[in-house]
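Below is one structure, written out as structure tokens, with a few remarks after it.
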Amino acid sequence: MESAMTPYVVGFSLDGLVICYLFGVPCMLQEVASAAPFRLGPGTCETDRSTSQTQGSVSWHEIASFLPGRTNKDCRKRWYGTTATKVNKGPWTEEEDERLGKAVQHHGTKWAVVASVVGTRLPDQCSKRWMHALNPEIDHSPWTPEEVVFACSFSPKDFVFLMHAC
């Protein structure tokens, strides 16, 4: 009987490093005592590219708990940024826009689900594309002079109040 593979393991090495293995491949390193921010540049984890076809459920909150200064979103973005070979980073195509529109219509703003339906973009990319370009509820036309005068009549304190009133 084949056992299910644990998608991630976090361990501590003898030399004071936190090592995160995703699907059996070391992909994140962090010195435990380091006060410097945790940064992973290009080429830091070349081996994690080989796991791009692996499926599984990962608790990004749990992984981040072992990496001081990193959030669950940092870890998720690092993973997808280095392993998701099918992720487009250039301009959106008409087909992607159509898939995004249908996915939002069906799933709402559950961006992880929407991104899985779109298939070629990350959740953050889908959210930004929808909110900044495609959402039909947002008026993307140039501001009228009346709108500019109205918007400029508020102080920053008014905006804070309005944001909390919604």
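Placement of Cβ uses the backbone N, Cα and C atoms for every residue, glycine included.
Ranges compared are 63-86, 111-134, and Swiss-Prot records DNA-binding region for 111-134.
Beyond the ends of the DNA-binding region (111-134), by six or more residues, the same chain brings 77, 80, 84, 86-88, 92, 96-97, 99-104, 140 to within a C-beta distance below 8 angstroms of the stretch.
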